[in-house]
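*Asks:* Dropping the structure in here first, questions after.
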Amino acid sequence: MIVRLCLLVAFLGAKLPLVGTEEDSGPFLTPFPPPLPLNADAHLSPNCSQLTLKLDFSTQVVKHEYIVAFNGYFTAKARSDFISSALRDVDAVKWRIVRRDNPASDYPSDFEVVEIKQDTRNSLLTLQDHPYIKRVTPQRMVLRSLKFTDSGTDGASPCNDTRWVQKWQSWQSSRPLRRTSLSLSSGFWHATGRHSSRRLLRAIPRHVAQILQADVLWQMGHTGSGVKVAVFDTGLSEKHPHFKNVKERTNWTNEKTLDDGLGHGTFVAGVIASMRECQGFAPDSELHIFRVFTNNQVSYTSWFLDAFNYAILKKIDVLNLSIGGPDFMDHPFVDKVWELTANKVIMVSAIGNDGPLYGTLNNPADQMDVIGVGGIDFEDNIARFSSRGMTTWELPGGYGRVKPDIVTYGSGVRGSGLKEGCRSLSGTSVASPVVAGAVTLLASTVLNRELVNPASMKQALIASARRLPGVNMFEQGHGKLDLLRAYQILNSYKPQASLSPSYIDLTECPYMWPYCSQPIYYGGMPTIVNVTILNGMGVTGRIVEKPIWQPYLPQNGDYVDVAVSYSPVLWPWAGYLAVSISVAKKAASWEGIAQGHVMVTVASPAENDSAIGGEMTSTVKLPVKVKIVPTPPRSKRILWDQYHNLRYPPGYFPRDNLRMKNDPLDWNGDHIHTNFRDMYQHLRSMGYFVEVLGAPITCFDASQYGTLLMVDSEEEYFPEEITKLRRDIDNGLSLIVFSDWYNTSVMRKVKFYDENTRQWWMPDTGGANVPALNDLISVWGMAFSDGLYEGDFTLADHDMYYASGCSIARFPEDGIVIAQTLKDQGLEVLKQETAVVENVPVLGLYQTPSDGGGRIALYGDSNCIDDSHRQKDCFWLLDALLQYTSYSMTPPSLTHSKNRLVPPTGTDRPLPQRLEGNHLYRYSKVLEAHLGDPKPRPLPACPHLSWAKPQPLNETAPSNLWKHQKLLSVDMDKVVLPNVRAYRPQVRPLSPGESGAWDIPGGIMPGRYNQEVGQTIPMFAFLGAMVVLSFFVVQLTKAKSKPKRRKPRVKRPLYLQQQQQQQQTPHSGKNPTV
């Protein structure tokens, strides 16, 4: 029996497949042919192509051209009549409608491009006053700069043994960066803090579609058939061998060609729908190619608007947009994206390549109705280039939303070459078509296509995503794309509402960073969590009555106060739910965990309901878990002034470091959780509690805080703010100001000029608004100058770098001033001359004379604490200044410094004045237009939160909020994947710390190897042996337990008996004895 058992176990072990080994090739396995070089300068291995593309965008206003948006779709004649009637009474206006020759010209449109030679403000206002005209905005030209760079020896590259060299090929724009890069070189990866361990090394896969197990759906018969997918890029050649179902190619540019002259559009289309070699996700999908960029990398907003209108007309299902930029206030573009998604077009867009800096999300990927995609490498690390959240739309009064929505492979991904063959590219513009292809494939698997819409698809993707360990939500969104789980969710989906994020846990680190980085306490600024409501029931919806706050009494939920604000209308497919969390007064000295949840009911019109006014409703629960600590002492509390920080868009606010010519815009939000993240982390590690002021200075209780921190302020100040700050400092509040450069001559010098459009763009402030800061601190005899300085120096044994900072022009005579020797950068910018200036005052410390008064510290440069372009940090200096302002401890290294200088009186040169004719009032919260100089607006009322009336629950809260939150009405067990033996591509090494569980019924999916699956093989063999052993034991027990009985005698056949008798008879006459 033992021998038989061993043989059976060996037989079972031989029959069990080794997960990850290469089996018989499936129907989609094709070899890689030798690709052709992209150009003569590229030296490639004959076995593969590893082109890596760096792609930058910039935009500029076209002089005299305006986009006139109408309130509906009208014929060309009607549009012309509206404009004519609007401008009829304007004197001496020369205008004409710019002709647009493209496939959309034959259809009604909702906009027109008008050239107005005398583009006076009066003519524009007259246009906007017409009842059928919605908005008039400048026409924009988009320039793209491509650079093919060496991917080097990046481990994520699919051709590990290849070395190649290529010269840079570029098309330089005439203006620095505005639209940011969405495809760039690979090789730089952000460590996610995972542990290192031994792992089984395996070859890196070559087909991204098969890595994500699209072949499982292919063998089920799903290949994207019947789904229309649009690619907005550089076009596609007519006879490319990789594509079999190109339904239509359209050209929206001023070039007379449909072909791709650069290769980026071909690559993107290949990732989505290539049928051979480097296979795409949906080879049978219906491809619609929109050529919106010329070979010179030029496009216009009007081209995109016409192409978007045509996509709506053609009833496109999925649209990939691998471009983006920081301008979320480009109204015609943003409005048209909303209109697209409202027409059930699922838009997938790249989140941007401006990482690892936070606050660098690109539009339109940062919109709620768009699926924003970030990038990871094949080790499941967040790509260094992938942009990070949060969104900055909501600043300064609110808080940003979670973006990206999802991440997937975006480094070393293989796609179609320009004419044939394959090559590899990196960037979020590569990750975007990966998700677009997956979405196209998923849409083809759903029988009832009416259920597929932008909200339901995003719900399926984020609910099925695999969370990456050690990575926060502003880096990974909801996690890594999981195609098979998304298929299961989508095919058991019922229309409903859901939330993103689906829970609020201020104790869960690192995923819930920055919320988990600081506990809350009584008297602090409310913690704001901006939750996105996804409405899969319809394009429009509403919140029924008001959200309900239900604290869990056993978990101290009554110690938390909650206020909720929300979108009055959910359109298109989404809205916001802003949850403000504060601590009740009775918990001022308490420490512990408190829990509760917010109940939200969403209603949408029932499209197919025969009853008039019928609605579909969906109720969702938002669990809330917070850590409460006793209120910290005043000296430990710092208030960050967010209200007076301005950024692009809408105005041109230049960078603080003028050396950074390739990135001239200040667009990261200047928030402690975006480009000042490292400073915030440092202050938390030093034991300080940092809060954000998103309202005027008149709206906080200064007695609660030790220091008010103002960094890189561009906004003006209300007179009431100046008065209150003086009173607060007299009563003990301290102030630290980090300024930046401001020089009107330099501002005129750094304006943008485009040779093609002859358009000037003047900055609205310098790096900081120094004249406004001087108004704020002038009461103490302090002021900054308009000097502009740069240089390295040593202060208190620390190496420092002064990057485009200003100097202190005035300071009280009993204060402490530190000076340094620096270069005059202003002279260099204006006259291209170099000069060294000695004794430049850069740092000042002052104790106010009033009894119990606070202290003031000034420093002329903020770049040393700004993550954007920081070269040498000065966190030590910030620590020293906080010791001075919070504890009145003057740093000996500063008071006894050899660089100490007699405070300047400021009589030798005039103080900086505001730039004449600046347009800051257009973007300011403080100023308003006025005859002559702009004047301050009336002081706005302080924000008032309406705290929800609690409805306590005497029950226990769930312990795991993440796993507790699932999509409603989704039963994944009903959608069982077939246990097929598909082609198993060679797969990547298992990432350390990665969960190997797929949680998919129906057996282990092919094409995936991980440690847990590998460990199941001996387990299966052991279980099989136990089953066989149990079987034999049972049989043996049964045999022994039966009673013994005599076996019946078996009679011999008659012919055998006769034969035996015949043999015995001749020898004896006796019968044989029996």
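Heads up, the Cβ atoms here are built off N, Cα and C, so glycines get one too.
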*Asks:* When TrEMBL marks a stretch as region 'Disordered', which of 145-166, 893-914 is it?
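*Replies:* Of 145-166, 893-914, TrEMBL gives region 'Disordered' for 893-914.
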*Asks:* Sort out the residues at least 6 away from either end of the region 'Disordered' (893-914), same chain, that have Cβ-Cβ distances under 8 Å to it, and list them.
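*Replies:* Contacts with the region 'Disordered' (893-914): 742-744, 770-771, 774, 783-786, 795-797, 808-813, 815-820, 839, 841, 843-845, 880.
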*Asks:* Sorry to bug you, but what's the C-alpha spacing from HIS264 (active site, charge relay system) to SER429 (active site, charge relay system), rounded to the closest Å?
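*Replies:* A Cα-Cα distance of 9 Å.
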*Asks:* I'm trying to understand the geometry here, so how far is the Cα atom of HIS264 (active site, charge relay system) from the Cα atom of ASP233 (active site, charge relay system), in Å to the nearest whole number?
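*Replies:* Given the Cα positions, HIS264 (active site, charge relay system) is 7 Å from ASP233 (active site, charge relay system).
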*Asks:* Once near-sequence residues are set aside, which residues in the chain of ASP233 (active site, charge relay system), 6 or more away, have Cβ atoms under 8 Å from its Cβ?
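*Replies:* Counting only residues 6 or more apart in sequence, the Cβ neighbours of ASP233 (active site, charge relay system) under 8 Å are ASP260, HIS264, GLY265, VAL268, ALA269, ILE289, PHE290, ARG291, VAL292, PHE293, SER322.
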*Asks:* Using DSSP, how many residues in the region 'Disordered' (893-914) fall into helix, strand and coil?
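*Replies:* Helix/strand/coil tally for the region 'Disordered' (893-914): 3 helix, 2 strand, 17 coil.
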